[in-house]
Amino acid sequence: MDISFAMVSMRLLVLFSVSLVGSQHSQSSPQVSGPPQPPGESRLGEDNLSFPWSRLRLPRYIIPLHYHLFVHPNLTTQSFTGSVQIQIDVQNNTNWVVLHSKGLQISKATILDQELHHLSDQALPVLHNPSHEQIGIFSPRVLSKGQKYFLYIEFEAELVEGFYGFYKSTYRTSKGETRTLASTHFEPTSARMAFPCFDEPNFKANFSVRVRRSPEFISLSNMPVVKTVEIDGGLLEDQFAASVMMSTYLVAFVICDFKSVTATTSSGVKVSIYASPEKWQQTNYALEVAVKMLDFYEDYFNIPYPLPKQDLIAIPDFQSGAMENWGLTTYRETSLLFDPLTSSVSDKLWVTMVIGHELAHQWFGNLVTMEWWNDIWLNEGFARYMEYISVEATYLDLKVEEYLLHTCFAAIGHDSLNSSRPISCPAENPTQIKEMFDTVSYDKGACVLHMLRHFLTDEVFQSGIVRYLRKFSYGNAHNQDLWDSLTNTCSEEEFISGKHCYSSSQASKNAYLFAGEHLNLTAMMNTWTLQKGIPLVTATRKGPRLFLRQDRFLRTVLPSDPLWSTYQKDFLWHIPLTYKTDASDTIHRHLMTTRTDSIVVGDEVSWVKINSDMTGYYLVHYEDAGWDVMTKLLRENHTALSYKDRTHLIHNAFQLVTAGHLPLNKALDLIGYLQMEKHTVPLLQGLGYLEVFYQIVERRDELSLTQNLGRYILHFFRAVIDHQTWSDSGSVSDRRLRSEVLSLACHLDYPPCLEEANRHFRGWLQSNGTLNLPTDVAETVYTVGARDDHGWASLLNTYKTSLSEAQKHKILFALTSSRDTEKLKRLLELGLEGKLIRSQDLSSLILMVARNPRGHYLAWNFVKKNWDFLVQKFQLGSFCIRNIIIGTTGQFSSQHDLTEVQLFFESIKEQASQLRATQMALDNVQKNIRWVRRNLETLRNWLNEQMNQKKHHVRRRLLNVQKLPSFWSPGGSLGELAMDLFDSNSTDRANLPRNMIENSMFEEEPDVVDLAKDSAAFPAFPTLDPDEEAFEPRSSRLLVRGLGENDMDDDEEDCESSARLLGMSFMNRSSALRSGSSPYARQAPPRSCTRPSARTMVVCVLLLVIIASMTMVLYFLPGCTFTKAGCRKPNKTTPFEQVYPVSTNGELFPWTKLRLPYSIHPHSYELTLIPDLDNMTFTGRTVINMSILHSSKVIVLHAANLNITKATFQLGGGQARDVTVLEYKPKQQIAVKFKEELKAGQYCVLTLEYSANLSHTYDGFYNSSYIAKDGNKRVLAATQFEPLSARKAFPCFDEPSFKATFWIKINRKKNYMTLSNMPQAKSTPLPNGLVQDEFEKSSVNMSTYLVAFIVANLSPVSKNVSETMVSVYSVPEKKEYTDYALETACKLLEFYNNFFDINYPLKKLDLVAIPDFLAGAMENWGLITFRETSLLVGKKSSPLEKQVVASVVAHELAHQWFGNLVTMSWWNDLWLNEGFATYMQYMSLQTVLPHLDIGNLFLAVRFRAMDKDALNSSHAVSTQVDTPEQVEEMFDSVSYEKGASILLMLNATLPGDQQFRKGIIQYLKQFSGLNTETDDLWNSLTQVEVSTQHQNVSEMMSSWTSQKGFPLVTVSRKGDQLTLTQEHFLLTSDNATSSASLWNIPVTYVNDSCSLAHECRQMYTLKSKSGTIKLPESVKWLKLNYRNTGFYIVHYGDEGWHALIEALSTNVSVLTHEDRASLIHNIFALSRLGRVSFRQVLSLLNYMTNETETSPVTEALLQLNSIYRLLDKRQESGLVARMKAYILRHFGSLMEKQTWGDEESVSKQELRSALLGTACNLKVENCTQHAKALFKQYSESNGTFQIPGDLQQVVFSVAAQSDEDWEALLTMYVEVTNDAEKRKILQGLASTQDPRRVVWILKAGLNGDVIQTQELPLVINTVCNGFAGHLFAWDFIQVNWDSLIEKFRVGSFAIQTIIKSATSQFSTQAHLDQVQAFFSGLKGRGSQMRSVQEALETIRLNKRWMDNNLSTLRKWL
């Protein structure tokens, strides 16, 4: 064994023995009096101790036996002090006691033995683990196994502001005085907030409590007071009797000034009801109920209540309904107090049931407690069920059995969501535990027990639970303990004698005999408690037999959905079926334990009703004609079924509608019988569903549908409504019906209802609120009264003063029903304040506002805005938070709503991920969306049928009855309604461009009308964040007929052409109609000015010229000093001095230029970085070693957004001294000034310490995140420094020529890893818990922009190649996608090592996929970073997807030589980096991976580079750049693709095949580690001679790099003489050409005699304006630019083009496919230039019917699609149709030949993708049908079927045109992990033509939650291809420009892409004016960008082309 290892092992062993064994304590003298105190105040050291426990659950080796608890609350200071002495039993030797504490300040802790001797003479160290809410107390002496000790702790804390722990409460007296009290609420995990304790339910103990108080208060606790003693200071101390054994969560104490009423039960238990003094009279009913209930439970359980007293106290501030603390149950006032004058019968029932629930807990929960919170249902399910049993037994008149049905209905509603949970399921942390207190534990638990009780019979059930309670009294129990107790078959004698005859192994043997078989109760009940959900039993009648099938019932997944089978898998219940038939009254039973079953019912039976009286917890679907049978039965003889069965049928039918099993009209027909229904329960059940439907359509602004449904309800229930009286007379059922029916009638504005309610309200007002309204209708009266301002204000005033909580609740409901949103906002503000409206009522208030159609978005926004406050107040996981989440979202029913909810949950992901309620909310919204989509139209049609059938009857009956609410009226013109659709202030309508819905010029616009009518179907999209502008298109020139214009004929088109001009004045009038609708609407400039005359303009211009000339002469006149008299004497002053800018501290900044001075040069950097990913900040320390090249008094370098906290400077070997750092932010520079000059040749060190925020954009040191598979958000930090962002991470000389070495250290948390350019040298743990990773000093000099570091948790795959460790890193979830990149990188590394003849210089090469990454990749030396889509690809991915990854990897690896080893001196020569890397990526892949067929791609990008370079706004390859924006703009196609193209041309031109390679090897070796300029490259290539033919490369190539653009070579032939003429190919809108530019052109050509082989190629160098070539006269045609290796365009003249076209028509293979593609590209370009007619273009394309090669076809399709889109955007509908026909005529046969299966050839994949993409875009039915079928197969396969990669975008784009499939795509987008596929899904989503979705996806891309912001340029590009989309996108860009340039730097490639995408398809003067006006107004925010000039040029060229060619197109298409 290694000796060092042995020593470490021994040390660990010693430490371990100290912890567990230790030495025996010595005896000390016993403590005689007072609380035990340690002898000294000193505390043992904590420095060397770490927390001893890592789990959430406490260790089991310490058991508490008895707590002696003392608390002293101070209600003045609102704090408390306390102490606790806990007797503990030690189960194992230990030095530690671990227990719970939260928010307590521990002042002392000590441990004593049984004789109260201290184990230590010092206070013991207390360690805290806040995340687990635990403390650990260390004893220096071992606590021995089997011994008992006393743990003594003193503590203090503030009284809590919320509702948990020991918290303060207040109430106001009628005189306005505020009184304070203190109360506790400990369940489930808050006892630890009041005293340190073992706060888990199975740590039961006895409690002796002492409470110190002021005399004006009383104190209460679980047990009676045994003694009260006076304490110094006039205080009293109440000492309570010791409690029975109980869990900590049941402990309680209250300090208050309340009064009580008292009575005694028949067994002598004292019962008291406590309330505030003025509400004392409202306690009598509760006292009566409590006494009755205790007597009932003692009798039912046959176990006496074990305590001497039972107090019930009404707490003014109480979050829950009540809490079962043993002997001291606490209640919300509304749950305990009953005022006969203001409380309704429903209030009475509520109080009765809550008391019954809490008193049941005294047995179920207190006497026997669940072992852990996962079985909380053993407490709550039983208590909920017992409340029904107890109330039914004690208050029969309350008809409580009617409510049990609704309890089970509520459980089903929850349990039918996929987000439900099993009754018994894991719960560990406090949030999870709080979430267990939900519908499943309470209601489902009760319903399962109800089913079990009816199954076993009442007697067996009762005896079983009594057995359970006796067996586990004062203990804890599991599920299994209950089942064993219920299956125990002891004799009554054994039971009474206390012999439980219990054996868990006997459980399965002691089985009931059921239906002739033995029943295993455990197996049966496990199916109900250990799996979530509820079964659906489908019954199919076939003759005498009833066939049964069980499935899991789900409302969120339809049977037709692909996930249906997944969600059904492995679910099976043992269902105790009951049923009855018309043959007899017998209830039959059958246990269904298999998926399918059958029972014989007989031929004579006409109907079967399953689940009699709904005693079973399952739903039933009567398949085939089964529901028709039930409908007929109810209409003909509904009393044949019990009211419960009738209610059950109604419930099941409508649930089946939601779940997609039953059409809505069937369910609606079923409730048609209700006009005959006399029982309240089924009547209200059916009415309830109609009311829900009404709320849905009312919220969606379905005007017509809302009216019709309201009329129908009033007509249908007219008799019931008119029968009601406005009194409190009748039975409980009568009164409940009255309350519900009149409330709905008034809400529907039924005049008699409103009249009566107003009459009562006026009387109430006249009495000043003293009149007692009938309690059952008071809420309705208040609600009607609240409609006017006076009534609302009066009600609010009454709310302030009322002492009745029942009345206040009714008033609050009425106040929140107001249709005035300002009033609703005020109520929410009052609730937030917590004074007038208590905080305890805030959650109820929010839900009340949310159910108001005017308030549901208001409530939702309130929750989002105040989320942190709500969580702090109510605690995460509590039922209040759950109700708020589910309640505010429960009414949402649109995709927009769903997205809103998803976005919010994403923003609180850390909290939301802990909550089941968030998933439930999402499930609910999705369920609502499905319901609306499936059923809204059915409801509309069904209502129309009903209304038509009763048309005359309805008219007669409703003429004087029905009145529409005023706010239902449109209130304006249809146009105004339509205009509101895009109003950002409208929350109820869709965002559409306002001029899509223009109404001011035309009377009839059918499309507009449809949109207006159906506006509610298109919900509003949310505005952006409050600090961003609302997104409202201001200038989208969408044509007036909108989307319906295609059906216009030619005549209509001509007639309305004037109206269809873009940019007409009437568009501005539509804006004026909406004044004030949006604060962001911009007015068009006034056009009222008349144009000045020509003469006036000439005079003005001359005057301006004269003034300007004089000014310039005077300004530049040499030697002139200006005086009043002019220039009198020579100027003797010195020249102008430089004006220095002012730095941030007010001093002058000592540098004026953008570029840094060269006087100082850095040699090395030492960087130490400490990122904090929790707070998204970092600190750093940079040490820069520099040499002084030229004497200077300043050091200037870069820094941006860094807060420099300290700076020191050291010169040579001198002392380091502090220096002041000046900062000039506009140029991102900092400087240090010196009094003495720094001398050339000296060395110095500058040390800078700083802090900063991690960037939230994509540059500098920025934060990134991703969602892991577990749904949690993971964060990381990465860098992107190119070109100018290293300065954002550390101060540096941030220019490429300042190369240096770098030594990097990063301090990180243990759960992260770090990467940097160099290999890691070592990792060192630091005292603060962090780890410092130190990297090797860089072995090469490099520029700052190549430095990189990453802090993340990534997974690598690695391979050693050529002595370099190559690794590919990804997030762990995507490691499976890294293999291809690793394999490719290794191959390419070997290739480059060989090709460049220089080995890669570093030891390692990391390739890292970053989740948030804007660029495709970044070549950081040794640490290349990639966007995930550029690096990760699956093994099954298509070759086309692999081609993408291989291309990017090849590009970045080439950079390790070109850019890293040799770097351009300045960004003007960026092409030396990017052009070379681009060229090498294609060249290397052609050699290394030839099967990827990269040539087609390289050809296509050369074409696109020429398209851009043809514009006047282009730039030279090497051009002057200065500003950051100019630097950013250099990263464009000129630097990349043009640079690569001219290198290809050069390589093809140089003699031999080695000169180019040898030249670049020479270049790399000569300048290794240095910086270069373009001439250095040309000189290296010239110096290498491999042939006798010497060529001056510099002379040739400088013409290609020093001037913008490229040449047009024009060919003319006369006999044997060929004349070539060159000119600048320049697309300008005025047809001007440039004659000054000349290029040295290596012209290559082939002719008809030899045209394919490389040897056929001939070359001629055209250096002058023109040149001639001799040709044999036999040559029929020539093709110049062989294989398009040259960067120029050729025009052959009419004869030349004709010859080529004829040759291709005869034989398509006469030219290479590159040459054919080149001809197509050239002729389209010449058409844009105006040199050829479009007729000639079409003539060339005639040959395309025979073309099969990829490049020509894809180029032709690209050009034609471009024209098609231009026509489409101009709404040239006739031409669009003809262009479509043209494309299909020429390419249709080739399209039809394409397959839809796997294809290995990359070239064929490219071809297929282009063809099918075009076909489907043109809506070719065969294509779209194939795509839909493929998508259906894909979506239903659950991931087992893959669409070929090249077809995915086609398929997804087709799918996105369907509403349902678009939503499915969105779900896939969120869930899919394959990044290539994810990106194609996103393109599919963005291709939607639905305007609402277009708006949503644009916003989502900007917000960055659902869609990463890095993808926004792609989204905009895709959106712009659609008709509506390009208008939305342009408006979106204008509105959100500032946000865009915040996320993407001005000039960046992303911004270039966005501008080009949005404007490149404009072709009108109106759009040109818009674009010009917008960008000119940006000033320094982007107006000077080259891409802006490019956009304007493109629009002008589009306009010119359209103007010149539209007539030709009409003629020739």
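The first residue you see is number 1, and the count goes up from there.
Just so you know, glycine gets a Cβ as well, placed from its N, Cα and C.
As recorded in TrEMBL, the features of this protein are as follows:
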type	residues	note
SIGNAL	1-28	signal peptide
DOMAIN	64-250	domain 'Aminopeptidase N-like N-terminal'
DOMAIN	285-490	domain 'Peptidase M1 membrane alanine aminopeptidase'
BINDING	HIS357, HIS361, GLU380	Zn(2+) binding site
ACT_SITE	GLU358	active site, proton acceptor
SITE	TYR442	site 'Transition state stabilizer'
DOMAIN	607-926	domain 'ERAP1-like C-terminal'
DOMAIN	1161-1346	domain 'Aminopeptidase N-like N-terminal'
DOMAIN	1380-1600	domain 'Peptidase M1 membrane alanine aminopeptidase'
DOMAIN	1677-1996	domain 'ERAP1-like C-terminal'
If you count CB pairs under 8 A between the domain 'ERAP1-like C-terminal' (1677-1996) and each of 64-250, 285-490, 607-926, 1161-1346, 1380-1600, the winner is 1380-1600
Residues other than HIS357, HIS361, GLU380 within 8 Å, Cβ to Cβ centroid, of the Zn(2+) site? GLU324, GLU358, ALA360, PHE364, GLY365, ASN379, PHE382, ALA383, ARG384, MET386, GLU387, TYR442
CA pair HIS357 (Zn(2+) binding site) / TYR442 (site 'Transition state stabilizer'), Å rounded to integer, equals 11
Between HIS361 (Zn(2+) binding site) and TYR442 (site 'Transition state stabilizer'), what C-alpha distance do you get in Å? 12
Using all protein chains in view, find how many other C-beta atoms are within 10 Å of the C-beta of the residue listed as 'active site, proton acceptor'. 27
In Å, rounded, how far does the Cα of GLU358 (active site, proton acceptor) sit from the Cα of GLU380 (Zn(2+) binding site)? 10
Under 8 Å by Cβ from TYR442 (site 'Transition state stabilizer'), same chain, sequence gap 6 or more: TRP377, GLU380, GLY381, ARG384
Cβ neighbour count within 10 Å of GLU380 (Zn(2+) binding site): 25
Enter the number of other CB atoms within 10 angstroms of the CB of HIS361 (Zn(2+) binding site). 25
The mean pLDDT across the domain 'ERAP1-like C-terminal' (1677-1996) is 89
Within 10 Å of the Cβ of HIS357 (Zn(2+) binding site), how many other Cβ atoms can you find? Include all protein chains, please. 27
